[in-house]
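Student: Heads up, here are the entries from Swiss-Prot:
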type	residues	note
REGION	196-220	region 'Disordered'
MOTIF	201-209	motif 'MIT-interacting motif'
REGION	203-207	region 'Interaction with STAMBP'
SITE	ARG214	site 'Interaction with STAMBP'
Amino acid sequence: MGLFGKTQERPPKDLVNEWSLKIRKEMRVIDRQIRDIQREQEKVKRSIKESAKKGNREACVILAKEVVHSKKAVNKLYASKAHMNSVLMSMKNQLAVLRVSGSLQKSTEVMKAMQNLVKIPEIQATMRDLSKEMMKAGIIEEMLEDTFEGMEDQDEMEEQAEMEIDRILFEITAGALGKAPSKVTDALPEPEITGAMAASDEEEEEDLEAMQSRLAALRS
């Protein structure tokens, strides 16, 4: 509190340094998220190989779709890191300008980066707060509400995604299933039916559902 009950404004340099620290912290959150998804991806790939050996083509396709969705999620997270790095570089420039002019400057580059970052669920709350602080400091203009809303990016399995599924299956099963870039139409070799294999069908389905749930949780 300053004189007469007014809140004293913080020095611009302190604001920039604090923003940079918050962004670096969120980058570490993104890094952890990427590692978690990639670890789960490796488990899914192993499961695809096992399902291929058992002749369970349906499970292979379902799991391959999960790999495609996970790859998209990881790509989005890497893109968000690039936007964060862009903001960090702009913050360094702001400090340089601050030393010369004594004030922070409006930045369209930061504005564009923050518009993208507020759409990332994993870091949305922090990025919203940072955006409001930057607006108050005059670095960016006020964002439209629809920039904050409209976060749900529904990934539809279109033709390109189907081709990617086929490629993944071909790759992971060493050609037993899928012929990139054709769509998946191949049948897996018929496995030998044993009592143990029949008994494990229900357990395999439960494992499949559990794996899908874990990946969905990591992506959300």
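Cβ from N, Cα, C; glycine included.
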Student: Can you count the other CB atoms that lie within 10 A of the CB of ARG214 (site 'Interaction with STAMBP')?
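Tutor: For ARG214 (site 'Interaction with STAMBP'), the count of other Cβ atoms within 10 Å is 17.
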Student: Can you check how the pLDDT averages out over the motif 'MIT-interacting motif' (201-209)?
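Tutor: Per the prediction, mean pLDDT sits at 64 for the motif 'MIT-interacting motif' (201-209).
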Student: Which of the three DSSP-derived classes (helix, strand, coil) applies to ARG214 (site 'Interaction with STAMBP')?
Tutor: helix
